[in-house]
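According to TrEMBL, the protein has these features:
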DOMAIN    139-332  domain 'Aminopeptidase N-like N-terminal'
BINDING   His438, His442, Glu461  Zn(2+) binding site
ACT_SITE  Glu439  active site, proton acceptor
SITE      Tyr524  site 'Transition state stabilizer'
Amino acid sequence: MSSSYRLSDLNNGGENYSSKSGKVEGGFFVSTGTGFILVLVAILISVGVGLIVHLAAPGEVICHCHSDSDHGGVTDGQGGVQPTTPPLDNSTIMALCVEWALTGNTEICTACAAAPTLPPTTPPTAPTIDYRLPTNTRPYHYNVDLQPNMYSGDPEAFNFQGSVKIWIQCLEDTTEITLHAHRLDINYATIEVLSEGETANLYRAYRNDTVRQFLIIELTESMVAGTNLSVSMSFEGPLQGDGTGLYLSSYMDGTTTVYLATTKFEPPYARRAFPCYDEPAQKATFNITLRKRLNTGRNYITLSNMNIINNSTSGDYGIDYYATSVVMPTYLLAFIVCDYEYTESISDTNIAYRTYAKPISIQYAQMAQEHGLRIFNRFESYFTPSYSLPKIDNIAIPDFNSGAMENWGLITYREGLLYIPGTSKASDEKWIAEVISHEIAHQWFGNLVSPKWWSWIWLNEAFASFWDYHIVGELYPSWRSLDQEIVIGTHSVMETDALRSSHPLTSDAESNSEITSLFDSITYAKGSAIVKMMHFIMGQANFIQGLNLYLDKHQYDVAEHQDLWDSLNEASAANNENLNMTSIMDPWVTQANYPVVMVTKTAAGYELTQKRFLIGSTDEEAAGDSALYGYKWPIPISYTTRNNANFTADRLAITMLPVTGAKVDITTDIADEDNWIIINLQQHGYYRVNYDEANWNALIKQLNTNHTVIHTLNRAQIINDAENMAKAGLLDTSIALQTLDFLKNETDYPAWRAFARGMGYVDHMLERTDIYDSFSIKMKNMVEGPLTTLGLEIREEMEHIDIFTITLLASYACKYGVEFCTNEARVQFENWRNNSTVNSIDPNLRALFYCTAVRNGGYEEWNFIYEQYKQEQRSTEKDALREALACSTHVSLLQRVLDMSLNPDEVRPQDIRTTIVYVAQNPLGVDLAWNFFRDRLTELDASMGSSTLARLLVSVTQKFNTQFYLDQIQEMINHGQTASISGSFRTAVEKTEANMEWLNNNYDYYKNWLNPTITPTA
């Protein structure tokens, strides 16, 4: 009979053998037999260390231990030795070693004799991997034929079949062709490589490089540069619901599950649908053939980038043939097989503009269609070359990981694209218009001109992010899209970009995870702010002229940022302005972070200097950091003063603070101490401003006297800059808090949104301190007056931004216990619960009232919301219900919500992140969400992808401000438990350290603010 031993048994003084030992006053004695065993055990510990070193070292080192008996498949039964599969964990290896030695198998003692000589703490340097395709060939045309199989049966068995033929030009002499292919079962017997005009198959063999996702095809002879080839093969792959490549989606029509196949290829996922050159610069034309099953009882159609030019049938399948595409990269392709219907209009330039939705929802596509057509016409009037495809389709997909995807001629969206009267909110209409605008902008910025490599993906996303709200703002000025973008997008990203772990807009990226990580707020929101600054400096007419030069020069080709500067310089010169946009803008896209302008009053006016703005790092800690321009920027200075207040920013009146770091003097009247200066009018520039104490006090006095003298955006800027100056240790916290006093008289959105961002952070930091109750009372008192003035009634004629102000104030009022808000939420919720077929709660207030009812209620309220959630099919309403489930004060229910997030029957994969974030936002859910993230990291990475996982990490750690949490993050890093987002873990460490520093530096100030009788300590 075998015996088992734990490692702890080897360190307990032999007391497990007490029947053979005795203790006497003079010492500790053991029997001869026991002594032999102890000596043997000591030897085995050494062997065990060797085994552990082998198993822990990089690579695939496995110790092959011999035994004459059966120990879990260690021997092969033929006298040979096989590695255990899967490899045993270290504690099991140690136990087996002890067991085998005690049963007489001493061969184990020499099995890994050389192991102890290995250096255990010096892992080899990982080799540099070149993830890019070789440059010896390039494609110029594809034929792609695909048939998804997903109409009935077990979804786990759904798949697709296809074939591809690629025409290739040899650029260098080569004996190999390298393509991308991933998760495809290729029929290697069908691979055929033909030289142009020849019939002999040049295919010899293949190799798979799984790390780089390469399919390497070896040729029978070397091909000479200039030769044209074709390579073809057939393949099949799984049709899964993971949201990438060619994937499965579904919706419910009554009790029937209806399946559709759709695609999402950006950035590195076209290779999951067919073998290809899956890089942005590898552009080609495409002929697409899609197959759909006939006689399913539903009217299945196919969609792709181009228009159908022919069709045929083959057995049970209809075959659609699409027109040859324009030259484009693989990531912009789209293939869809679905049973959708559409609505159609014709644009001013005779382009068919359509919106597709599932048949039961096509009635809700009208708003998207109307907004989209107006937006498309505006883009067509601005940019040349004109849109070059015969149609532009927009389609709402039930399962879609991104907000939308700009596939050329076939834009895919979430079902938030559909506006449902009586259910959708004002913010839904805003999202619909802006996301359509974003994706239409891509038809020029990204599609017509693509990035040379992913390092320049901001040339796509920054321009689309700028033009989305800019065009909507032009078409619907009362929405005040620019105002909202500054206080929502710009203020948010400036917090992220104030960390040393931030990255430049133009950033190196090679691996798939590195590439995916670039699709972040820096690329989108900072990029948008930088483009807005370009637009301001040049003026709209000159800017559009420069962009059209850029688009014309590089159409159907690729570009990097210097190509953009060249075109902008050319346009400036043509208008006799001679702006050097290279020297002005290059520092903004090649350096991380941004500056703060330091303003000091002098005898003649003001002196302006700049420095790099950082939160959580001292100047000494950052002293060794290097950047192309030494962390200096050319800064466009616009300003106004109290004695001549004019907040209209004139680009021709800009004073440029030079990249050299030299100071600039502004001469102006400073006759009295109440005079003030405000820099960065309407926050056109991407920088912060810090004033001397006298100027801050003058601004505070003006705000309290008559805040309307200062532009609404600059009121928001003052709050946001002051709060962040205090975070960075550049401004006394007491001064920053005084900038909030005027809010008792403020009813406009931007300042309150800036307040919410700043106080939201403070709420997170104080949430687990002894002054949080006092803080809650302070917040309650601050919002109660303005909300009483505005009221809770949402009227149909209200402008969007006024609705947003009410809902923002109401969210604070209900959270902090303003009685008329919580009572209204309770009454309206109970009315709905008593008659669940009639929900009279205004759609703009539903999410808030649902959450308030669940937070102040119990299991009954939660279960009612849960039952409604299970039945609900409208995506907007379902989102509000899902968010409310995470508002409970019962830990068991919060854990239930977390468990739901990875159950695709309850939460769609696209909503995993937000579901977990909702729990993390709950004070009782912080630890639950973090533990869930740690314990289920592998599943989350597989379900969400690295970019979404990185955003989740930021959200679940945003409240961390203690050494305990910092140690937990660091422990995951030390143990390599960072999945594909190691960079985001470093950011989480930096943010947590900054939070700890903030709490240490500001606790006393807030304690005094909440109880003025207490004097803060120095």
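Using the three backbone atoms N, Cα and C, a Cβ is placed for every residue, glycine included.
All annotation found in TrEMBL is predicted automatically rather than curated by experts.
Known features from TrEMBL, placed on the structure.
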residue : record                             : Cβ neighbours (10 Å)
His438  : Zn(2+) binding site                : 27
Glu439  : active site, proton acceptor       : 25
His442  : Zn(2+) binding site                : 24
Glu461  : Zn(2+) binding site                : 27
Tyr524  : site 'Transition state stabilizer' : 22
Enumerate the residues of the same chain, His438, His442, Glu461 excluded, that satisfy the criterion Cβ within 8 A of the mean position of the Cβ atoms of the recorded Zn(2+) site; list them in sequence order. Glu406, Glu439, Ala441, Phe445, Gly446, Asn460, Phe463, Ala464, Ser465, Asp468
Distance [Cα-Cα, Å, rounded] between Glu461 (Zn(2+) binding site) and Glu439 (active site, proton acceptor): 10
What does the structure give for the C-alpha distance between the residue listed as 'active site, proton acceptor' and Tyr524 (site 'Transition state stabilizer')? Integer Å is fine. 13
Distance between His438 (Zn(2+) binding site) and Tyr524 (site 'Transition state stabilizer') at the Cα atoms, whole Å? 11
Between Tyr524 (site 'Transition state stabilizer') and His442 (Zn(2+) binding site), how far is it from one CA atom to the other, in Å? 13
Over the span of the domain 'Aminopeptidase N-like N-terminal' (139-332), how high is the average pLDDT in this prediction? 96
